[in-house]
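Engineer: Submitted below is the structure of interest, expressed as structure tokens.
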Amino acid sequence: MLMNRALCRSWLSHVPYRFQVPQVRGDPTLPAGRRHILGTGTTIPWRPPSGGGGRHFHGNRHRNSNVKPLPAEQQTPAENPTVPSRNIIKAVAFTGAFSLGCFAGATIMEYENTRSMILAKAKQARFGWWQSRSLGERDSWSQLKQDIRRQWDSLTPGDKVFAPLLVFNVLAFALWRVPSMRNTMMTYFTSNPAARVVCWPMFLSTFSHYSAMHIFANMYVLHSFANASVLSMGKEQFMAVYLSAGVFSSLVSVLYKAGTRQTGMSLGASGAIMAVLAYVCAQYPDTQLSILFLPTLTFSAGAAIKVIMGIDFAGCVLGWKFFDHAAHLGGAMFGIFWAQYGAQMWAKRIGLLNYYHELRRTKHK
């Protein structure tokens, strides 16, 4: 199941890192911060790419601002702002409520999908002869829809989950190119613990990429490991884990920035993708992985995730500024936790399933 292209390509050199750079000088049109990905495809996966690529945050922002900064010559030196305690409380509460909502929604989605599949099978068994008889009478539009449906059904479970995630990420990437949307994107699609808006940016920033290399590398890694994760968890559970891990990684980043007084803006899907990577590596630690351009150089998934987490831990302790290492650790910890305890926790949804079933049956009486 795991011996496919996803686990035989370079992902070690494409691990999403939240990249931090100093203030931009002389080009006020660039955004203050972006989570770029290390996507060079080299055998030295920890070298930051030229031109920027990886999830990062831009420090020294005014406490109440997560909009486009003034040009460099108009800015005044800022003190290291402190994060208001109410923002931390909001972030913690939002993470808990959002994660609970994700898993409740995934439970209901699982019920509805299963019900729809059973009804479709029953309808096909009952009226399949009529559908076959009328197949030649369909117009071109119906035939086109049938062809699209056939192509969709031919996709792997991972690709079916990856496709909508790719669409949302590409849409957010395109919005960064619209000048009139710049302030909106900076406000709601970058996460900054010292900003006026704290909660929803923790979620929306996980779909936000500014550079082309950033979104390409992130989506490449996600596509490579999505199928293995979806086959293991199911699409509903995968979506709940992916979205919750993204917000949880933003929370860890918020807490780290607040503790170290390194406020600034972050964006990118690296936290959620790190959870997917860590989940696969923890579930299948003996799986042999290789680097894209060095297929003969193999290493175990378990060893790879230990090295990655070790580097991110060192980055947090030593205060490295290139990447948002705290967010990486948050996502990786979420993935490992779910690999160890996810099955038991997912089983607790049975009570909600029964309640929803009774509620739906009562409603249709």
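Cβ atoms here come from the backbone N, Cα and C positions, even for glycine.
In case it's useful when we look at the structure, here is the feature table from TrEMBL:
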- 55-65: compositional bias 'Basic residues' (COMPBIAS)
- 73-82: compositional bias 'Polar residues' (COMPBIAS)
- 199-340: domain 'Peptidase S54 rhomboid' (DOMAIN)
- 39-82: region 'Disordered' (REGION)
- 91-109: transmembrane segment (TRANSMEM)
- 161-178: transmembrane segment (TRANSMEM)
- 198-217: transmembrane segment (TRANSMEM)
- 237-255: transmembrane segment (TRANSMEM)
- 291-314: transmembrane segment (TRANSMEM)
- 326-347: transmembrane segment (TRANSMEM)
Engineer: As a test of reading the model: what is the averaged pLDDT for the domain 'Peptidase S54 rhomboid' (199-340)?
Structural biologist: 90
Engineer: Could you check whether the transmembrane segment (237-255) and the transmembrane segment (198-217) come into contact, where contact means at least 3 Cβ pairs under 8 Å with the two residues of each pair 6 or more apart in sequence?
Structural biologist: yes
Engineer: Do the transmembrane segment (91-109) and the transmembrane segment (198-217) come together with 3 or more C-beta pairs under 8 Å, pairs six or more apart in sequence?
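Structural biologist: The transmembrane segment (198-217) and the transmembrane segment (91-109): touching, yes.
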